[in-house]
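J.: Before we start, here is the structure in question, set down as structure tokens.
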Amino acid sequence: MPTPRSLLLLLLLATPFLLLPLAAAAASVPTSNPDIDLEYLIKNAGLDDATPNDPEDGAPDFPDLDADYEDEDLFGDDDGPEEDSSHPSAADEAHVLLLTAANFTAVLAARRHVMVEFYAPWCGHCRALAPHYAAAAAALAEQGVDVALAKVDATEEHDLAQAHDVQGYPTLLFFIDGVPRDYSGERTKDAIVAWISKKLGPAVQNLTAVDDAEKVVTGDDVAVLAFLDHLSGAHSDELAAASRLEDTISFYQTTSPDVAKLFHIDPEAKRPSVVLLKKEEEKLTVFDGEFRASAIAEFVSANKIPLITTLTQETAPAIFDNPIKKQILLFAVAKESSKFLPIIKETAKSFKGKLLFVFVERDNEEVGEPVANYFGITGQETTVLAYTGNEDAKKFFFSGEISLDTMKEFAQDFLEDKLTPSYKSDPVPESNDEDVKVVVGKSLDQIVLDESKDVLLEVYAPWCGHCQSLEPIYNKLAKYLRGIDSLVIAKMDGTNNEHPRAKPDGFPTILFYPAGKKSFEPITFEGDRTVVEMYKFLKKHAAIPFKLKRPDSSAAQTDDSSSTAEGEKSSGSNPKDEL
């Protein structure tokens, strides 16, 4: 993810009055440099063509609903979401500590439990979190929980943010005795309070009174209850161990038949019995496995989430941080969703614990638009696709009539790796005669993976500032290397084109594919983005040796002497910047 950055520019300057005479003198003196082509480039390519190699303008990963972008908020909502009655109002931050480098260590030493939010003032998601975070701090203080909630302005406290590997905003870390761990819950007051309470409270809570049990049934979104013979002993220990494996769900135990009945357990049922209760259509799920911690935790993980989750800013962490990475996504406009959601929900029952089912409201500008754009979905037509997650980011589009049978078959084929992935691609250009060859998803195999060519490929984004700065330099490199049949200089718009062999880490990403080695991973160029440095990189890694095809030196000198004055008058440019 892009983070706030500083630009480091190294400029080598020489006065125009000295540069031309020195270059002419150097050309007339024999050199011992074995790479005459390199010397030629150093003299002619210009010394001021570097673009800064600081963090990339943008990352091409799945739209991250957990963090903000510096240049552009993913959802285009700079002011944060509008308030409504279901969200806390403007933040009263009386219970939130403001940390800086001056007091950070002291606060963590004084308080055993501290949650810290690393934020940026311009971050829309940070502003949306602020009232929930403040309300959680107030609620925990009122309950007397031994925890402090604090925040750090990462744009001011760069060293603190870097020391804790902050990659995006907001980042929430929970410190126990100074040791941090990531907060992976939803960004709401209730979720934060529940998560911290779970961390600091007993692993399993005893329910002995019906009144207390009723509060759990009506208050908890998800709860696990074990109906035991005893509130201590081997079964209780297994339940506690399972609870420690599950951060977000509260575990309870009881020996009371009346309490068990509230959780829809038959009071005469064989003990130990375990049920998971949810506030949704599928309210009750009964555990039928061996009473071991790992089996119970696996049961809870598979059944705690809804059969289908609507993608929002609040639910995104639960979806994308879930250990189940494979997803089936339904894209539909709100008025059409009622036709398809029952089919997807029924399908999901057969794949609990194996696949996540996600509904994306297509006409929701905040979420639907950016997510649809990422997957290359245009128009409002209902779409179903399978997605493997960010690690390999493969997607598979469903084609055909959406029915229970076709959805089950599609999901099963997805699990068994029987589907063919889809990749975005612009149309193949009709002509491709420029020095920098244009590559699209459909033509990458033919151009980049040609075993007879060494290929340098820039993956860029049209909106990327560093890509725009690199363009004239990259064009100049290609101009110098034109006519070398074994070498191709190419570029691909990474926002409109995808290919499994050209995965950018950000924009721009420059990848090199040596001839005869296309089955290997490409080599990433990480040097200064100058003509000279990229030339050195190519000379080092090219499988086929090459030499520049320079103009005849005497002809070049004659042409230079006859046109210098006129060229300087007409353009004011340095003639040594051109071939």
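Note that Cβ sites are derived from N, Cα and C of the backbone, with glycine treated the same way.
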J.: If you follow TrEMBL, the disulfide involving Cys123 connects it to which of the following: Cys126, Cys464?
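T.: Out of the candidates Cys126, Cys464, the one TrEMBL links to Cys123 is Cys126.
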J.: Tell me which of the disulfide-bonded residues Cys123, Cys464 sits in the most Cβ-dense spot, judged by other Cβ atoms within 10 Å.
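T.: Within the set of disulfide-bonded residues, the most crowded position is Cys123.
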J.: State the Cα to Cα distance, in Å, between Cys126 (disulfide bond) and Cys464 (disulfide bond), rounded to an integer.
T.: 24
